[in-house]
Amino acid sequence: MHCALYDAGRCRSCQWIEQPMEAQLAAKMNDLHQLLAEVPVDQWCAPVSGPEQAFRNKAKMVVSGSVEKPLFGMLHRDGTPVDLTDCPLYPASFAPVFAALKPFIARAGLTPYNVARKRGELKYLLLTESQQDGGMMLRVVLRSEAKLEQLRAALPGLQAELPQLRVITANIQPVHMAIMEGEQEIWLTEQRSLAENFNGVPLWIRPQSFFQTNPVVAAALYATARDWVRALPVKHMWDLFCGVGGFGLHCATPEMRLTGIEIASEAIASATQSAAMLGLHDVHFQALDSTQFATAQDATPDLVVVNPPRRGIGRALCEYLNRMAPPYILYSSCNARSMADDIGHLPDYQAVRVQLFDMFPHTAHYEVLTLLVRK
Ligand SMILES: C[S@@+](CC[C@H](N)C(=O)[O-])C[C@H]1O[C@@H](n2cnc3c(N)ncnc32)[C@H](O)[C@@H]1O
Ligand code: SF4
C-alpha cells in the first residue's frame, strides 16, 4: 500500500507497509506456526484478511500546534508534531470531520496542550465511526474542566455542520503523561452510545469500553466463532473478557445460557442492552475480573470463550480451566505468543482448529482464533 506520510518519513507506524499483503499474511502465518510449534493442531484454516486501506473505524489524534492552526496526529519522540489527517488507514468519511474540527477548535478557543510547556487544554480527539449508518462518536480529551463551557457554547454550530456526530463527550485527563483518557467522562449530547451492527447482531460503541477497530475483519471473526460454536453441543457458555459482548452475542441462541464477564462496566451496559434487543433472556453480563469470577464458580459451562488483552489469560485461569474441565475452550487472541504460553498450561486440551485474522494490516500484529477440545 502507498502512504505519502510513510514515504516522507513522517510516520513509520506501519512497518510492513512496503510488503504486499500476501507477503505480510505469509509472514504472519509463519510466525503463528513457529509460536505453536509445540502445539499439535488438527486443522489450520486459511487466513482471513480485509481491505488494505481505509479499514479503521477509529482515529486517536494527539492535538498539537496552535489554537488557530491545530495539528491532529502524533508527536515524535523529540516532540515534533506530525499531522496524520491524511493517513490512508482512515475511511474517506473522516476527512470532512477533521477539516471541520480544525476551525471549530479556534472558535471554541481550545488551546492545544503543549507537552514541553505543560500548558494548554486540548490533548486528544478520539473519533469512532459506526459501519451501520455512518454515525460517529467524538470524544474531546481536555486537561481540565476550565474550557468546558466554551466547548459547550460552540457545539451547536459543529453539530449543525456535522450531523453525523451523534455522541459527543468531554473526557478529563489531568495527568501529564501519555495516557489517552481519564476516568471522568462528561456527555455533551443526549445520545450516550453509538449503534453498530455486525452480522445482524446489534452492538454499542461508547466511551470507556473497548471496541474492535477493524470492523470488516472483526465481523468475520465473530461470524467464524458463531459457526464453530453452533456446530458444538453447547447449552451454557461463558464469554470471559467479553467487552461489549461480540462473541457471546454472536454465539448464543435463545435456548442457550450465556454468562459474560468483563472488567469495564460501560462495556457491560452495552452488552446487556444488545442482549435485550436480540431477545436473549438467559443472559448474565457482569462487570467483574474474569479470573476472580471463574475461580469462585462451582458449576462448569460447556464452553468458555476467552478474548483477553495482550497479556493473555494467565496461569491462575489456566489452572482453573484444567481443574473444572469445560469440554470446549474458544481462545481469541491479539497476541499469539501469550496464547501459546497459555495453551502450554492447558495440557488436557487439544487444538482442533486455528485461524488467523489479519486485524492489523501493515504491522506484525494479528488476531488468532483457536478451538480447544478436552482430550
Ligand atoms: C481484547 S478486548 C476484547 C473485548 C471483546 N471480547 C470484544 O470482542 O470486543 C479485552 C477485554 O478484556 C477486558 N479486561 C481486561 N482485564 C480484565 C479482567 N481482569 N477481567 C475481565 N475483563 C478484563 C478489557 O476491558 C477488554 O474489554
Ligand atoms: S499509520 Fe497511517 S500515516 Fe502512519 S504509516 Fe500507517 S498508513 Fe501511513
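Glycine too: its Cβ is placed from the backbone N, Cα and C atoms.
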Review point. TrEMBL records F241, E262, N307 as S-adenosyl-L-methionine-binding residues. Which of Q212, Q273, Q297 is assigned to the same site?
Key: Q212
Study note, to complete from the structure: Within 10 Å of C334 (active site, nucleophile) (Cα basis), scanning binding-site residues C14, C87, Q212, N307, I find N307
**Study point:** C-beta crowding around Q212 (S-adenosyl-L-methionine binding site), within 10 angstroms
**Key:** 23
Exercise for review: Identify all same-chain residues not among C3, C11, C14, C87 whose C-beta atom falls within 8 angstroms of the centroid of the [4Fe-4S] cluster site's C-beta atoms; report them in sequence order.
Suggested key: L5, Y6, R12, S13, I17, L84, P88, L89, H362
Point to revise | Mapped DSSP class for E262 (S-adenosyl-L-methionine binding site), helix or strand or coil | key: strand
Check your understanding: Considering only the recorded positions Q212, F241, E262, N307, C334, which possess a Cβ situated under 6 angstroms from at least one atom of ligand 2?
Key -> none
